[in-house]
Structures are given as C-alpha cells and as structure tokens.
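See below for the structure under consideration.
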Amino acid sequence: MADDHKLCGFLCTVLSVDSPDLLQSGSSCFIFNDGSVTGFKSENGLILSLTNPISNLQSLISSKGDHDVENSGTIEDGRLETPQKRRKCVEGESSGKRKTPKSKRRVLSGSKEKTVQGRKRVKSIGMVNGSISVVQQLHALVANKCLKIICRVVKVDKGENGEERAVVLVDVYLPIELWSGWQFPKSQATAAALFKHLSCDWGLRVSILDGKSIWEEANGRIKAIWDLSDCHVFDCKLLCNAPNSPKRRLFKLHEIFKSLPSPGNHDVSYSSRVLPSTDSCVSGVWDLSDDVLISILMKLDTKDLFSIAAVCRLFRSLTSLIVPCMNLKLFPHQQAAVGWMLERERKAEVSSHPLYLSFDTEDGFSFYVNAVTGDIITEAAPMVKDFRGGMFCDEPGLGKTITALSLILKTQGTMADPPEGLPIVWCTHKSDKKCAYYEYTSDQFTSNSMSAVKRFQSPSSCRNQVSFEAFRPLLESKSLPFKQARLMDPDDQTLESKNSNFENEFETHIPASLDLKAQCRKSLGNVRKNLLPAYNGASELSEVMEAKRISNWKKCGMITGCKRKGLTDSDVESDIWMQCDSCSKWRRIIDEGVSVTGSAWFCSNNNDPAYQSCNDPEELWDKSQPIKYLQGFYTKGASGEESDNISFFTSVLREHKSSVSSTVKKALIWLAKLPLEKLSQMETVGLPGPVLGLKLDALGFQRIFRAFGLKSRVEKGVTKWFYPKFLENLVFDVPALKVALCQPLDTFRLYLSKATLIVVPTNLVNHWLTQIQKHVCSDQLRILVWADHIELSPHSLAWDYDVVITTFSRLSAEWNPRKKSPLIQVHWLRVMLDEGHTLGSSVSLTNKFQMAVSLTACNRWLLTGTPTPNTPNSQLSHIQPLLKFLHEEVYGENPKFWEAGILRPFEAEMEEGRLRLLQLLQRCMISSRKKDLQMIPPCIKKVTYLNFLPGHARSYNELVETVRRNILLADWNDPSHVESLLNSKQWKFRSITISNVRLSCCVAGHIKMTDAGHDIKETMDALLENDLDLWTEEYSFIQDSLIGGCNCKRCGEWCRLPVITPCRHLLCLDCVALDSERCTISGCGYLYEMQTPETLARPENPNPKWPVPKDLIELQPSYKQDDWNPDWQSTSSSKVSYLVDRLRKLHEGNKKSILSFNKTDNDNLEDNPPGTSEAFLGKELHGQDCGSQMVFVDKVLIFSQFLEHIHVIEQQLTTAGIKFGKMYSPMQSYNKMKALAMFQNDADCMALLMDGSGALGLDLSFVTHVFLMEPIWDKSLEEQVISRAHRMGAKRPIFVETLTMRGTIEEQMMRFLEDAEKSDRLLSGDYIEAKQETTRSRRTLHDLVESNYLSHLSFVRSDGKMEFAASQLAGLKDHQLA
C-alpha cells in the first residue's frame, strides 16, 4: 500500500467457493460487483461469493408469501434502504366479480379502500447497520473512495454437505489525511457499521498470516465458519442475527432487568473498631458494642450525624446505616439502596463515550470512530459526564417510598449546587442567612452547566428576546453593557458578561461611575413611593380615593396607606424603603440596624408582621414634601449614568419585555436622545410626547414611561410628560437609560433550594403524606402539598420547604412556554417522579414530559416498580423518554444515538445493542426483587375456571354470534377482506370488539337488533327461485326464524342469527362452518357453488386466500344493529356468586378466629394479679381489638378493571350482607380514604373493592386473599395489584385467585400466557396468526393475538351440551388447519 495510507484494522470474512481445488491459502483477491453478485475474485479468476447473496433477496421474500413483502428495497451505500411508499397491491381483473355480501355492508358500509397487509421485516438481510454483509459494506466504501483494502485467503474448510467455504483476511487502510481532520466523504453510516467489526489485535493478525492454529475445531470442522451470522464475519462477537441463537431469551427486557444489580438482603458487617491510644484501663467508647452505638446515633439529627461521621472510619460506617429522624429501621436491601443513591448523588463520574470505538494503527497512531455517525476523532478520547440520580426500580411492595424518604432525611439541609461559572447571590429569608440565587442570560448558556435551562426556552420565548442594536450610537461613554448589579457573590465579585446583542468588534469599557457594587436600598426619607400610579390619570391620588383605600385596606388592626401611628418627624427623616424582589411592592423599614446594602430582599424579611407577605397591600406615603432622591433621576450638576439608575431602568425594561414592539423601541430611542433643555420642559410646561400613530401602540410605551417615574397629562389633545411633583433638584438620567437599553432582557433567575420536589399520581398524594406522618419524626420535614388552588412565589417554594409534593396533572398544567412556572424558577436539590414510567407511556410530546425535562435539579430520580409497560415489540422505546428526563448525556439528549446505538440493534437481537443497554442500566438503575428477599411470605396463585349461568350464557353467545358472523361471511374467515374484523385495517374496531367480548364475560348485555325487511325479502325471493313454495309452512317458518331466531337444525342449539343454506336448512354458525363446500346436515350433502380465488378478486378483497361458497354467502340477509350495551342491573354472574360463597366461608373463619382470640384474652384476664382495675383491663383489651385481632382475620382484596363489573359485585355483596369498602373512579378522594380506613381498622369489613386507580401505592400488607375478577392482560398491572398485599410487612401467605370464564376469550388468554413457548414464538415473529398485523406499535401483549382470539371465539353451551360443543369446535379447528 502506498505511503499515503495507514493500516488501521482488519477483519476475516467467510465466503462460498465453487472450485476449492483451484484456491490456495495466501492467494490474493479483490472485491468486485457485476450488478447481481458481490464477492471476491482471486488472481486466477475464481469467484468467492456470499453464502446468502443479496441478489436472492427477492426470491427469499417471495417464498415467504404475500404478507411478508414489505418492500423489496434497494442496496445503496452498503445498506438496505427501504422506499418510503408501500408497494400497491395489484388488483387482478376478474370476470366473475360478485357483489359484496349484504352481511358485510352493515359493518363498515362498504369501504372501497384497498387492503395493505402487515409485513414482517426480513431479518436475514437486516435493517440495522452492521447486520448487512460486510462484503457489501466494503464494496460501497471502496467504490466511494472512502478506504482501500488488501485481501487474501487464509483458510478453506469443507462442510458435511460437501460445501466449501473460505476465510478471507481483509486489511483496511485509511488515508494519512485522517490526522489532519479528514472524514469519510460519503457513506459515513456504512463506515460506522463496518468499523464495528474491525480489529486492531495485530498479534492475532500475525498469527493468522503465519498459519498458526487459531481455528477452534469441532468434529473436524471449524465451528465459526459454519455458524455464520448475517454479517459474514468470521467468529463475529456482535451476533448479527445469528441463526437459531441460543441467547435469544437474553433479549427479553425482563431478562435484562433481572440481571441488574440487586442489593439483596444480607446484613453489612464492619470490622473497624475504636482502639484506645494507650493501654489504660479507663473505660471509653471502645467498650460499647455497635448496637449500643447505633441506638445512640439514632437520636441525632442530620447535622450531628455529619459531624460525628468525620471522627473515624467506625463512626462513618455506623452513621451510613442510620437515617436521622426515621421511626423505623430499614431492611438490608433498603440500606444498600440508600447507600447506592447517595453515591450516585455525590459526584458525577466522567467516562469515555460509549459510542466511540478506539483504534490503533499498525505503527501506533490512535483514533476514534463513532459507531453511529461514522465521525472520526484523532485527538483525546471523547468523554461524557454522568448525571446525578438514576432509576430506582424495586419491585412493587418493597418500600420504595420509605427508601426515598430516607434519602431525603440523610441529605436534609444540603443546598443544590449551582452551575459552574455563575456567581451566587446570598441573602436572608425568614432569619435563614443561607439562602441564595443566581441569574444568567441567554449568552451564558454552556453545554453542560446550563443545558437544563435551555430546555424551557420555546421558539416563542426566543422571539421575545429584545435587541436594541439601534441604541449603540447613543453610547457616548462607550460603556460595556453589564449584568444587573444585584448579581454578585458575597465578596462583591461580579460577573463579566457579554452582551449578546452586539458584535464583538465594538470596543467598550466600564465607566468609572459604575463600581458594580450590589444595589443599595437608599434612605428615601420624605419620598412618596406611590408616585407612579399604573393608570393614566391625575398626577396624585385625591384625598377621597386615599380615604377609600384606607377604609378598605386593613390588616391586623393596622390601617395601611397612611403614616404609621406613633411616628415622629425624626422617624420620617430616617425612614428606609425596601422593594420586594418577588412582588415589587415597597415596604418601609424603621429599624435603623437593618442593613440596606445587599442583594435580594423579600417581604418575609420585614420586621413588621403586618407586611411580611407578598399578598399584603403596599404602604402609601401621604406627605407632600420635597423629593430629594428618586430612582431613575440624578442630582443636577452630576454626570448621571448612575449604577442604581441603570439597574432600575434595566429591571423596568425586563418587566415590560413583552410590550416592547417596534413602536415602543422608537419611543424609547426618542426618550434616550432628549437633551437637557428638552428635559427641563418636564419641570415646567411639560414636554409633548413622540408622535407614533396608533393609540394602541402608544399605550405600550406610556406604561414604560410611567414605570420610569414620569407623569403624563393630556392638554388640548396632546399628551405631555412631566416630572413628578415635589421633585427637588433632580434630572431624569438619560445616560443611564442609554446603557440600560443595551442590556440583554432575557435574564432568568433561579433560586437555589434545599428542597426535594416529588411528583406523584393524584391517588398517591395521601400515601406519601401517610408514610411521612407514620415514619418520620413530627415537625422534622417542612411539607407542602401543592394543589391547584395554591399560588406561591418561587423564592417561597424554594426556601420555605424541605419537601414539595405535587401531581403529574399539576405538572402538566404548569407547562406554559410563554410564562415561567414557579417550578422552573427553582433550582431543586432533587426531583423524584413516583411511578415515573408514566413519562414513557406515550411516544408523543406531552406537557408533563416537557415540564419534567425542563425542571432544574442537581439530582433526578425515577421511582417505579415497572420501568416499561408490557408491550413486547416496542417496550424498549419507552426507556428513552426516561433517560431524557434524567438528562443522560448520550442516549437521553440524542435520540439518534439511542435509536441507532441501542434500540434498533437490540430489536434486531444484535449483541452490541444488548451490551450497550446492559451497560447503561447497570450504571443508573437498581432493582430489588422479592425472590431475593427472605422476609416476605410466599404468594400462591391459581386460576379458577367457571361456567356461565344460563341467562348470562345467552347474552354472551349473542355477542359472539354477531362477531363470528362478521368473520365467517367475510369470504369465509379470510383476513384479506377489508370488512373483516381480522383485517389489519380494522384494528381499532377489533380492539373495541375484544373489549366488549371481555366485558360480556363479566356482565350481561344486549344488542338491539332489527331485521332489514328488504334484505330478508331478497333472501326469501331467492329461495322461491329454488323451488320453495310461498304458501307452505316451511316458507313462514324460515321467514320467522330469520327475523327472530330459531334452534339449529343440526345441533338443536338456539341461535339468534341462523344461517340459511341454499338447501333451506337453518344452521348455527358452528355447524355451517364445519364444511365450506357442502351442507353439514346428515344425509343432505348439498354442494355449494364455489368461487375460486382467481375469479374472486375485487376491491373488497384484492388478495383472496381460498375458494368460498358464493351462493351461501350471498343468500344471507343483513341486520341493523346498535352497539353492545352492558346491563349490570340484571346480571346473574357466576363469578360474583362464586366470590360470595368464598367470602362467606372466609367470614365464618374470621368469626372462629376472633372467638378463639377473645377466649385466650379472657384466660389471660383470670391470670392478672389481684387488685388490677377492671376498667384498665377493659381498656387494654379494647386497644388490642383493632390491632391483635387483625392478625387472625382474613382480609380480601377484590379487583376489576370494568366499572360495570364493579357495580354487579357491589350489588350482590350488599344483597349477601357482606360488609366491604370501595375505592374506584369516579369516587371522590375523601370517600376513598374513608373506605380505606374502614377496611384497615374494622374487623367486620373483610373486603375492599377497587379498580386500577387503587393499584398504586396502597400498603395492604394485612390482606390475605386477592381476587382478580377477570384476567389482567398487562402483567405489570397485575403485579402492581398483587403487590398491594404481597409486600414487606405481610405476615401470612397471600392467596391470589384469577376468575376466568370457561370456553371464552378469557380462557384463550390465560392459556396463551401460561404457554411460554407459544409466547416466545409469537414475539419472535414465527406465530402464524400474527402475520396479518400491521407495523403499528403493539400496546399490550394481547394486541399481538387479537385476530387469533376472534378467529377462535366459540359459543358457550350449557350442561350436557358442553361435550357436544367441544367436539364440534375441535372438528372445526381441524378442518381449518386442513
């Protein structure tokens, strides 16, 4: 190779050889492509071809059937590219077109749209970069002059079938311009896919060239040559779709979660001891055992524990086990979890970028290639900074809430860390001198420290950022625009910030008059602070209005708006006025000892209790005395441009930022250009304002002018501007205004907080409060539950509380790009999302997700027992939103890296995707599992199959009959028919149908159905043409049966919608479906008129699958029908009957347990010593009644997902006299909590009836039995429900019983879930019934087999006919398989 390229890596690829005798080891070869075949060609012309050539793609796809054809695709740049538009189905011409069955037209009214069948991705080729053959990639890169290669044959092996394969060593060379910034000119993604296979093990390469034994042989053959992946790389470590890989189960997400670190339940022992410094016999702390020391340390608060932990290693280890002010001892797995979470919060580790591959050339030069984008870096290895926080994913019921509270208590009093490079402003708030905040502008954003702040800037907010480029010529002093003066640290060091509104070439300097000290609240003496009314009226308040305000504003018995009683004139002269930074109201400070020089000041700092809230009205000054100082003005004779005035003007402009339009800009420029002689007119006759046209625009700048301190008056239709009255020797500070107009207006302030923000579902607020009240020392934590009606200032939210609890709905409501929420203006110590997986439940951009991501916090935590919903084909995609909330730098901030680096490789079962995911989750997720803990009693599950009661069975069959009739008459169960429920286009209607069928297993219902008289007449006329006599009883019987139903002629079972055959037999759907070619009545055998697929194609079914009985289908009438409606009032449910019987038995057992308990107590009463008070004994026994008795009582949890089913259960439990509580939507929260308290404390209340709204957060560890009234498809939800009882604190085994109706869709689902092998085949794409699905995302597991459920629906028979129906159904299924 020429000197302009370097050897950067190598790989070995495997190819087929037609004539191995002509090929020798060491032979050179070159890559080629003749348009149809890509491979290598040796020097003697021998072709080495791919073992699965791409040219066979079309035949490979075609062999899988029409339903597998997505797009043939094209190979470009070494990748398989898929066209954007689907290939349209070709509609063949049919000479025998027939009308759409009338029974179909009632379903979707004859849709004419062509069907598009679901297609399965062809994994043998692969859509993920890296799974396509490296030979294709090499050819594309060589053709595009991205690299050069040298190839030689190093090994040839022969298989059992006589096939010969060769191993080709490929050396890859890159140009030396790489170290001068060279990048791949084309096909970067292809290059990235190729470089994942390259190796820089130069010792291995030497061994390969020397012919040393590096080949692992099995049965005399080289195993890696014959166990080949799609990439054709010898011994590929990435497992690119290896055939029949035994590691397929490793790509199940629940298997990934199981492999994550679990704290376990082992106690941590410490060997450190305190030793005396001498051999003295004096006793000391070294004589105390660890248990004694721990009991002492548990009495200390957080601050004292921090102090004593610094003494020695023993105390450091002992304090790590203690949670201050917690009223219980943590379990070992909780202690380990708290330790892990503290370690994650202490510091963010810096590590190498997971997507950059490291390479070394043969002569030692290093470079790095991005495995997704193909970007090359030759300098230092790229590094990424880990986030602080993570995902706390203990299984439900293991005490995540207590663990989270322990973390909060361990770090109580710790303030959030501000971003680097910004000064902190310290201030006092309610006697707390350690309050702080910081400010920044848009030009101070950095990629790391302020990335969180960028997120809540919407495009609309960016448009509101004002630029005053036009004012640059006005800067006579060439002053450097600076940040607001109050932004500084305690040492008076200020931030030197640039102004994003100016170009860098302007040279400016800081004027001497600006010392950049903190803004001074000066003694204003006789200054009246209500000089700037917000309305356009008189220059001062009239005495009448003043009196009115005095009469209306009263607080704590003190009248506001006038001089305070008891003040002397000397007090007035020493008066100090302070402006609140939150509400901008002015407060008068009388205490002369108060420091007036500082940063932020708030109403809460006021010594006067009548004015310590921002909600209190502003005080008024009622003396008309000369004003010697006023912000925005300077003393005559001075140069102006005072720092206080610059800050004042800047704050006013920022406050009115939304009002600054082009017209307002012109007015401000006019004001800033006024000379002194013009300003002097404001003292006397008034200065006419700028003429800007529209009155609406004038209102904007007039508000700003008044905020500056100027007064307006209309004289003869002309608005004139004046100085305030009683102004003495002061001039408007125009130079300061010029500087202020050049300040950036997009300033944000964040208040540093010691608080933790906890966001929970609405139904878990009371759970958190209960846990805090029960397990945390009283008054230890300052708690705020932020409800919808509460309005708080940001600084109060940040500094007044240790824990702020709010809901996801509140979080969503707070998102407003045009207005900053108080939540966004706080820099939280920690943000926790309980049940945080709900952020990833939607792929769309929701308000709550945007708000959660926009929150600024040092530490971010997700608490959930179910990180992803149970959606096997798309569940991994739900993790990326969680990573974005956590601000994970690689995969959370860059969706492209997530998709190409983890999601697509993982779904393609490539090892690199699994390893990256595992590496990511092992770093930021922890999960304890119940099976690893020994303190929890077992959970015993069983499924109980029940039979219908006769009335309920008839209701169920009526709905099933309607569904099956639709499917059968749509070209005889053909899923290609666009009006069939099995068709992929009908997925929404199919889901509704399945939900109704599920509900009908629990609740009786009805379909209001009327015949279409015209259609039935057509049917009867057709029968008359087939020799039916109009005046016979047979004619009347058939007509009446089609209208009202009849018994099946073959099996005798009642059918509401019978099928009439051309031979005039009335059959049920089961009997007619036994044979599609002839009548199934014994002795009849009438042959139907069959129509073949070749003549059957039409818009309703462009791709027929099989022949159908044309005359039978067209003979059937259609029926007008309404939706299926549940009727719970009249339901006789066998499920509830079974439940009542079980509850009665448990209730009898409870009575015996309580009687036995009371008898034992009475025996103990006789053993009490003489003289014991009977009243005391009675009180003691009564106290035990609610506690000790509960240990012996069976409590039952009843769960249903359907409100109608809950009503049936509620009705029949009440009738049976069983006392129960209820928690279900839409009950009010108060009633739910009342019912829960009754269930917990009343021994006679043995059952709690609830729906999914109570499946989260409840601690029902005293419950012994759980009844699931219907199968729960989402297994994560089922686990949540069971975990209400099966959790820490449970003392007895938990019995879980799932009630399932026999022979229904419920039984189908239970059988499917119990068959793990079938589930695996379905999820891998091999299950035949799932082939018709489209590419839409599957929401739950049962979505994958919806069509299978409907196609196997069967009627429910009663009593003796069950066996007959079972045999009929078996025969029907065998016929369909045949």
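Yeah, the Cβs are placed from backbone N, Cα and C, and that goes for glycine too.
Listed in Swiss-Prot:
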type	residues	note
REGION	65-113	region 'Disordered'
COMPBIAS	65-96	compositional bias 'Basic and acidic residues'
COMPBIAS	97-107	compositional bias 'Basic residues'
DOMAIN	282-328	domain 'F-box'
ZN_FING	571-622	zinc finger
BINDING	CYS580, CYS583, CYS603, CYS614	Zn(2+) binding site
DOMAIN	720-885	domain 'Helicase ATP-binding'
BINDING	ASP733, VAL734, PRO735, ALA736, LEU737, LYS738, VAL739, ALA740	ATP binding site
MOTIF	834-837	motif 'DEAH box'
DOMAIN	1185-1324	domain 'Helicase C-terminal'
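If one looks beyond the motif 'DEAH box' (834-837) by at least 6 residues along the same chain, the residues whose Cβ comes under 8 Å of a Cβ in the stretch are 391, 400-401, 404, 758-761, 764, 768, 861-864, 866-869, 878, 882, 885, 1256-1257. If you take every residue in the domain 'Helicase ATP-binding' (720-885) and average the pLDDT, you get 87. Apart from ASP733, VAL734, PRO735, ALA736, LEU737, LYS738, VAL739, ALA740, the ATP site neighbourhood in this chain, defined by C-beta within 8 angstroms of the site C-beta centre, holds GLY640, GLU641, ASN645, ILE646, PHE649, ALA672, LEU741. In this structure, of the binding-site residues CYS583, VAL739, the smallest number of CB atoms within 10 A of the CB marks CYS583. The DSSP breakdown of the domain 'F-box' (282-328), given as helix, strand and coil counts, is 26 helix, 1 strand, 20 coil. Here the CA atom of CYS614 (Zn(2+) binding site) lies 32 Å from the CA atom of LYS738 (ATP binding site). Across the domain 'Helicase C-terminal' (1185-1324), DSSP assigns 61 helix, 24 strand, 55 coil. Taking only the Cα positions, the spacing between ALA740 (ATP binding site) and CYS580 (Zn(2+) binding site) is 21 angstrom. A straight line from the CA of CYS603 (Zn(2+) binding site) to the CA of PRO735 (ATP binding site) spans 32 Å. Listed in sequence order, GLY640, LEU671, ALA672, LEU674, LEU679 are the same-chain residues at least 6 apart in sequence whose CB falls under 8 Å from the CB of VAL734 (ATP binding site).
Residue density at LYS738 (ATP binding site): 27 other Cβ atoms are found within 10 A of its Cβ, drawing on all protein chains shown. Neighbour counts were taken as the number of other C-beta atoms within 10 angstroms of each residue's C-beta; across the binding-site residues CYS580, CYS614, ALA736, LEU737, the minimum falls on CYS614. Candidate binding-site residues: CYS603, ALA740. Fewest other C-beta atoms within 10 angstroms, CYS603. Cβ neighbours of ASP733 (ATP binding site) (same chain, under 8 Å, six or more residues apart in sequence): GLY632, PHE633, TYR634, GLY640, GLU641, GLU642, ASN645, PHE649. For the pair LEU737 (ATP binding site) and CYS614 (Zn(2+) binding site), the Cα-Cα distance reads 29 Å. Each residue in the motif 'DEAH box' (834-837) gets a DSSP state, and the totals come to 2 helix, 1 strand, 1 coil.
For PRO735 (ATP binding site), other Cβ atoms within 10 Å of its Cβ number 22.
In this structure the C-alpha atoms belonging to CYS580 (Zn(2+) binding site) and ALA736 (ATP binding site) are separated by 22 Å. Geometry remark: ALA736 (ATP binding site) versus CYS583 (Zn(2+) binding site), CA distance 24 Å.
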